[in-house]
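Annotation source TrEMBL lists transmembrane segment at 12-35, 41-63, 141-162, 182-209. Residues or ranges marked as domain 'Palmitoyltransferase DHHC' by TrEMBL: 95-218.
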Amino acid sequence: MAGRPGYVTVPILSVLAAIGYVYYTAVFLAIPAWLGLATAAGVANAVAFTALAAACVATYAVAVSRDPGRVPPAFLPDVEDAESPIHEIKRKGGDLRYCQKCSHYKPPRAHHCRVCKRCVLRMDHHCIWINNCVGHENYKIFLVFVLYAVVASLYSLVLVIGGAVHSLPKNEQLGSDSSRTSIIICGVFLCPLALALSILLGWHVYLIFHNKTTIEYHEGVRAMWLAEKAGNLYHHPYDLGVYENLVSVLGPNALCWLCPISRNTGNGIRFRTSYDIPLSTPPI
């Protein structure tokens, strides 16, 4: 059962346990069996993997604890604002989007989360593995965590394979058979994990390239179908081109795109659209 946002839940403990298990197997079993911890190569790989594991834990902790973005209580959409060329409306009725549960208007790209029981700015999805929504304020850190997790899982898989190949049963070291078994079990665990994380990373890279959220992707499929049915063309209004999309999500400084301490661009209430003129105007 999922807990309230900000609480430690079974899925969170499972993620931390998985990180600890993979780290222990890779550093204290696979590396000694393959390279040896007393060698320069063994020490270098142990240090590098330790740093990568620490980055995973740190970014995961931030993704769990950081608020995804709250709608300001005083928010009111201004239909006469010239700087807002489009306004999102309800599918039925055409009224401005209003949340009956939170009793306030919804900014563009905001959605109500049934688990968190509140509206979230630029909501992508609710993730049980962090017991939190992925929204405007923590989307980037969530993406960076997934990237680090993919690199760490592939790195550890290489170490585990090397350790399994070199830890032969004829080794005279005490407990070599059990160590080799543990390494093989970890390798079996890492294969589907690395695949799942890679697919997740690829999905969010695709979304970033098109400046979409997971919710907007599914809404766009329906909107595209309705547009084609009426003989029109559908264009996602927040798609500014690949580079501008990257900048709007990851920030203007490319050197900080993968930096876990930098935040998203903007306040999560107003977003540039393809209708803005000129497009070279810096994001609001």
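Cβ coordinates come from backbone N, Cα and C, glycine included.
Any TrEMBL annotation is an automated prediction that lacks curation.
Remember, it's a predicted structure, so these values are computed and weren't measured experimentally.
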At a C-beta cut-off of under 8 Å, are there same-chain residues at least 6 beyond the transmembrane segment (141-162) that contact it? List them, or none.
22-23, 25-26, 30-31, 34-35, 45, 48-49, 52-53, 55-56, 59-60, 62-63, 66, 127, 130, 134, 183, 186-187, 190-191, 193-194, 197-198, 200-201, 204, 208, 258-260
Taking contact to mean 3 or more CB pairs closer than 8 A (sequence separation of 6 or more), are the transmembrane segment (41-63) and the transmembrane segment (12-35) in contact?
yes
Just to be sure I understand, if DSSP states are collapsed into helix, strand and coil, how many residues of the domain 'Palmitoyltransferase DHHC' (95-218) fall in each?
67 helix, 17 strand, 40 coil
